[in-house]
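Over in Swiss-Prot, the protein carries these features:
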{"type": "ACT_SITE", "residues": "Cys290", "note": "active site"}
{"type": "BINDING", "residues": "Cys206, Cys212, Cys230, Cys232", "note": "Zn(2+) 3 binding site"}
{"type": "BINDING", "residues": "Cys277, Cys280, Cys295, Cys297", "note": "Zn(2+) 5 binding site"}
{"type": "REGION", "residues": "115-327", "note": "region 'TRIAD supradomain'"}
{"type": "ZN_FING", "residues": "119-169", "note": "zinc finger"}
{"type": "ZN_FING", "residues": "186-250", "note": "zinc finger"}
{"type": "ZN_FING", "residues": "277-305", "note": "zinc finger"}
Amino acid sequence: MDDEYMSLEEEEDNCYPSEFDDHDQMCSNAEESDLQHSREPTSQVITKEALVAAQKEVLVKVMEFLSVTENQARTLLIQYQWNVDKLFSVYTDQGKDVLFSRAGLTVFDPSLTKKTMKCDICMEEDLSKYAMTRMECGHRFCNDCWKEHFTVRINEGEGKRIRCMAYKCNTICDEARQLVSTELAEKFDRFLIESYVEDNNMVKWCPSTPHCGNAIRNIKDDGDVDEVECSCGLQFCFSCLSESHSPCSCLMWKLWKKKCEDESETVNWMTVNTKLCPKCSKPIQKRDGCNHMTCKCGQHFCWLCGQATGRDHSYSSIAGHSCGRYKEEKVRQLERAQRDLDRYTHYHYRYKAHIDSLKLEDKLKKSILKKAVLNSETKDQKVFKEYSWIIDAVNRLFRSRRILSYSYPFVFYMFGKELFKDDMSDEERNIKKNLFEDQQQQLEGNVERLSKILEEPFDEYDHEKVVEMMRHLTNLTAVVDNLCKEMYECIENELLGPLISGIHNIAPYRSKGIEQAAEFSASSACGSS
């Protein structure tokens, strides 16, 4: 054990930058970095039961500010995607008439109400006032026609914005529940409640499968990409609702997933390793050194040029056939396909290797926690009672391993020519690629060292050896944290920062991991929700 740690100390000069000598300073820097990104929770979990309260608080704010009914407030908020600041801005800058008009609201003028009790839809006359219903716009029709209108719209999924039946009236009718069956009324209310999530850019359903029923609300309305953890345990990107994929941008991750799932690389492999039969066009793979090929359909052809030939041949030639001119474009196409295939294989292999390591280390984490708990109960040493150091190390391993895995798709697109062909010269691309891969390699080496130390049977060590292991793990954990931080700074400032396009923003690095969304409480709701 001691000899092993001596060798580790000898390696530290190569793996540890000099500024990492002061461990307390490193931990302080990591905490300060997290505080810079978030001093308060930036997201909230809204349970299915709390959705009504979350929606109600925003409705009340609009109702009080504009002196409108709940129905009118909801219609306005749906129009402006539940963005109260935007709604108030339109009201302040352009007035109430413009605000109402855009949302399909009409101020009721009693003088325009017809005196006759006739329904202009079914043309039935002499109806009692109890058989007719007037909407906020002032238009009045019989209850049967309203019921039919509401029933059709609700069943067609248009319950959130049911317009008045009157000709050219765009007023939104919100009184459906009083005129339809109990079942449809519940469905209508569900549409209105869910609109708080589905029409709201700052609130999204947790993408868990099966669905946990929670929604996540982004408190800070700054447009930045962020990652969040729902109370159900799922971590995901709030912007694209995919799994957490930082340091990849949402577009990079979307393209990478598609590339891994579709047949683009299979096509490249087929181009490199097979030739199409000139008769039936089926792909043929070469298995030996002879250039004479025979398809199952009976067609003979030359492997080198793909042209149809006769049957007679020797190992070195085919009777009556000589390959034509050098087909430069076909050769270039073949070389390009081979190069693309090799490049994709290189990055995918490393991405997959780290994903597989994460799965194995999940078992390691459970084993370590079990050992730590058992030792804290059976041993009297202080170090076993306080084993947060090893939990911190395991969590750091998981966070850094995941960052490493997603850094390979990032490199694939950052330094390829699919997205940034015109953003960098070849020379600049190579320089930046080498610098980034140096950082990536340094992080990778320290992550593997962290993983190796965590595999040690610390539960079998005496007190002195455990203290020594704790010291090494604590230092290495801080090193890995700082390397992750430096990688993100490089990506944000040196790689993505100079680009003109702003579509490749990434979620910020957080030393303590992805933020767990706070529990929603009505008093904490903000106006821009």
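Each Cβ is built from the backbone N, Cα and C atoms, and glycine gets one as well.
When pLDDT is averaged over the region 'TRIAD supradomain' (115-327), the result is 81. Long-range Cβ contacts of Cys277 (Zn(2+) 5 binding site) within its own chain (separation 6+, distance under 8 Å): Pro283, Ile284, Met293, Cys295, Cys297, Gln299, Phe301. Compute the center of the Cβ atoms of Cys206, Cys212, Cys230, Cys232, which mark the site for Zn(2+) 3; besides them, the chain residues with Cβ within 8 Å of that center are Val45, Ser208, His211, Gly213, Asn214, Ile216, Ser231, Gly233, Leu234.
For Cys280 (Zn(2+) 5 binding site), the Cβ neighbour count at a 10 Å cut-off comes to 12, with all displayed protein chains included. Within 8 Å of the centroid defined by the CB atoms of Cys277, Cys280, Cys295, Cys297, the record's Zn(2+) 5 site, lie the Cβ atoms of Pro278, Lys279, Ser281, Lys282, Ile284, Lys296, Gly298, Gln299, excluding the listed residues themselves. Across the zinc finger (119-169), DSSP assigns 19 helix, 7 strand, 25 coil.
Spatially close to Cys206 (Zn(2+) 3 binding site) yet at least six residues away along the chain are Cys212, Asn214, Ala215, Ile216, Cys230, Cys232, Leu234, Phe236, judged by Cβ distances under 8 angstroms.
When the zinc finger (277-305) is classified with DSSP, helix, strand and coil residues number 0 helix, 9 strand, 20 coil. Put plainly, the recorded positions Cys212, Cys290, Cys297 were compared by Cβ crowding within 10 Å, and the winner is Cys212.
Taking the Cα atom of each, Cys280 (Zn(2+) 5 binding site) and Cys290 (active site) are about 21 angstrom apart. Its own atom aside, the Cβ of Cys295 (Zn(2+) 5 binding site) has 19 Cβ atoms within 10 angstroms in the protein chains shown.
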